[in-house]
């Protein structure tokens, strides 16, 4: 009896990104077959059942198929716009001057608090659509622009709603420990009390967050304050991730590892002890070249140390209104290769397999393996390096989410 599938893509070249395979796990003359939204077969044509059939057979005409892209760190949902601040910066205004004038994160918090859920969804959709147009099939979206319970929950709900409005998998992170709200009057300890005692229990009860994030930095929260948030999150059964070592080395990478974090992100100032701790904890390093570029950082993340210790490397846009208004994972890869000297293979793994690992969803997506969701990106390219090499160019032929 013929083996039946829902859809078959044939005459394709596959970059499977499978673990344990050299390079990108390339298969020439490949076939992908989907059943019930999942990959039922991904491999050489010679291994595919001769009688395999489906109502829809797509001839890829030699195009490349990769796993659907994963953007594992974004702040996609927010109110307002800060393009005017960019103009002020170009005219010579400092961050401090902009903040004193009511700009910076304070302005985004005010605009986000003033927006209802529909307005937040409507504002985020063009940003999401830009990412989907480049083959993104899984995206992480953080809260962190409410800094009080109701708005944080509204941000998370809006993020989940995006996954209903569009064919994309959305993972959400609660980022209540992002910044200090104006009404806290500079009292970080009291605000962290509120995060741990009020916000986190409400978030956990709502079921709207898949993870808990925090920003550990001199301008944000200390190691002790971050530890309190993480301990409370773990007690509620929520995994953690951390904005770490972006502007200074406060030991964020090591603290993330101590709590078994899914990922530590930014990491420009991470030292060897931090890298080694991340390797032992299997915490993924998420590098964010868009923010590095946009705010003109000079300290690069220690890619060689991460390689030395075997830390997995992911890449993400860090899409946000203040430091990385970026909605292109393709450009992100080019930036990582050019600015951080990452290889083509590292970049492509960083926006597929390792991005999925950083979100704790590698069992479900990120590689072309039977049993995973059939999330694909099909490209009009001659070789995978083009996806990293070219700038301002989108060769996506088709995006497939869960087999359709």
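Just so you know, glycine gets a Cβ as well, placed from its N, Cα and C.
Among the candidates 6, 318, 345, the residue that Swiss-Prot annotates alongside 73, 75, 243 as binding Fe(3+) is 318. 246 is the residue from 246, 398 that Swiss-Prot records in the 4-imidazolone-5-propanoate site together with 82, 145, 178, 323.
Residue 318 (Fe(3+) binding site): 27 other CB atoms within 10 A of its CB, across all protein chains. In sequence order, 105, 142, 143, 144, 145, 147, 213, 214, 215, 220 make up the list of same-chain residues 6 or more apart from residue 178 (4-imidazolone-5-propanoate binding site) whose Cβ falls under 8 Å from its Cβ.
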